[in-house]
Amino acid sequence: MSALELSLRDLQLELDPGSGNIRWAQTNPKHPRNWTRARKLWDIGLITLLEVYTYLLGQGIGGIVFPPYSESFGRKNLYITSTVLYSCFCALIGAVDSPAATIVGRLVTGLLSAIPTSIITGSIEDMFNAKARIWMMLSYIGAANLGVVMGPVMSSYITLALGWNWIFYIAAIVTAVISVLLLSIRESRPSLLLVREVDALRKQTGMRSLQAVNPDSVPDWKAFVTVDLFRPVRLLFTEPIVFAVSAMSGTAMAIIYLFTEALPHIYEDMGINKEQSSLPFLAIGFGFILNIPGRILDHRTANVQCKNNRSLPPEYKLRGLAFAAPALAAALWWFAWTIPPDITGVHWSVSVIALLGVGYGRNELAIVLTGYIADSYLLYSASAFAAYALMRSILSATFPLFAPVMFQSLGANVAVSVLAATMTVFSIVPILFQRHGKAIRERSKFAQYSLKIYKETTVEKDGTC
């Protein structure tokens, strides 16, 4: 046995018979898919916690820049650097009583907050197969959306008790603690880890010609800027799946942000005081519980496919969307016509029940569609999700701006009916994807390229089991 073969065996690497390059051995414990369950859950848990705490600020610009960077240069350093800087700028916003400082601080924190939001799907795909992603996406989306609905409630009480500055001081303290904890996570981008392993192999064997199978190799910064950096925008406007998912889920998320402006006024008109008028947001958060049965069904379906030695096509996860899209539309119609001014004498709890349906529908859309992107674009899901995040950020930023005018000119009942009608139109999307999603993916050059690279670099023979 040659020195190279011995070194490959020691490092649990192997030669690709086609190209002669180095690739992972299937059982290599250094590949993120083969990490221990405790390690995976620790890393993803910390990243998810980071995502919850930074989700409420704008993420549009960073959502375009950082995902391609993470796919080319790794994810861990981005998580740590962004969290440290986010903590510093939150403290700055709270300490400096200046509109200019606040604007600059919020711009920077918005840029930084894009990192966990848009990259976490890539981290999940790095570590977990299609079946495991069912529960990871549920946990991530549930935590993120809970942060969105809890934000207005917590902020109103913090402002009342401590002053608005403490919203940012508390954010700075929590993210500072998370920054320290994030030092314990590992880099999870398999291609980058493989390059490091091959570097070690070169040093061990003295064979400088050895190369890793690395689809993310970037020759220089110019190539990165001109090719990789514009990948999310290109995906948004050239991939029907990415555009449809982004528009549908982005609109649903924007409705939640619009409600941050509208709900307090609606419930104040019902006689609820200012401090308590934001509490109905909790119903949207509790709607998350209704998403669990769908994941149980997805998991059982994945088990059946696994036992039959069949992979799990992305379209299998769209069944929940077929229920969620109409449910969200129905919940909005229900809410629209159980609130003042046109409807009087209806107890406030009736409309709050509708908000449970809004929470369920919004969460299900996010869980299913995010998972669909991850399963369709695999190793490059972070770039696909960046396009999704860009659309969501634009819609979420603009909806609250026109909410006051819309509700004042149309009235709350008609205004919410417009939102309900919009989501009713979107209810056709899951039907189209279930019937034509596979054909769309097969015609997509990028989806097929992602699948090809995934098969070359994965340590699993079957993406389902």
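Even glycines carry a Cβ here, placed using N, Cα and C.
Some features that TrEMBL has for this protein:
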| type | residues | note |
| --- | --- | --- |
| DOMAIN | 1-438 | domain 'Major facilitator superfamily (MFS) profile' |
| TRANSMEM | 44-66 | transmembrane segment |
| TRANSMEM | 78-96 | transmembrane segment |
| TRANSMEM | 102-122 | transmembrane segment |
| TRANSMEM | 134-154 | transmembrane segment |
| TRANSMEM | 166-185 | transmembrane segment |
| TRANSMEM | 241-259 | transmembrane segment |
| TRANSMEM | 279-297 | transmembrane segment |
| TRANSMEM | 318-337 | transmembrane segment |
| TRANSMEM | 343-360 | transmembrane segment |
| TRANSMEM | 367-390 | transmembrane segment |
| TRANSMEM | 410-433 | transmembrane segment |
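Below 8 A, the CB atoms of the transmembrane segment (318-337) and the transmembrane segment (134-154) form no more than two pairs separated by six or more positions in the chain, fewer than 3 in all. Between the transmembrane segment (102-122) and the transmembrane segment (241-259), the number of CB pairs under 8 angstroms, six or more residues apart, is fewer than three, so the stretches are not in contact. Here the domain 'Major facilitator superfamily (MFS) profile' (1-438) has a mean pLDDT of 84 out of 100. Sequence-distant residue pairs (6 or more apart) of the transmembrane segment (279-297) and the transmembrane segment (134-154) include at least 3 whose Cβ atoms are under 8 Å, placing the two stretches in contact. The stretch from 134-154, 367-390, 410-433 that makes the most Cβ contacts under 8 Å with the transmembrane segment (241-259) is 367-390. By number of Cβ pairs under 8 Å, the transmembrane segment (367-390) is matched best by 134-154 from the list 78-96, 134-154, 166-185, 343-360, 410-433. The largest share of C-beta pairs under 8 angstroms with the transmembrane segment (78-96) comes from 166-185, of the ranges 166-185, 343-360, 410-433.
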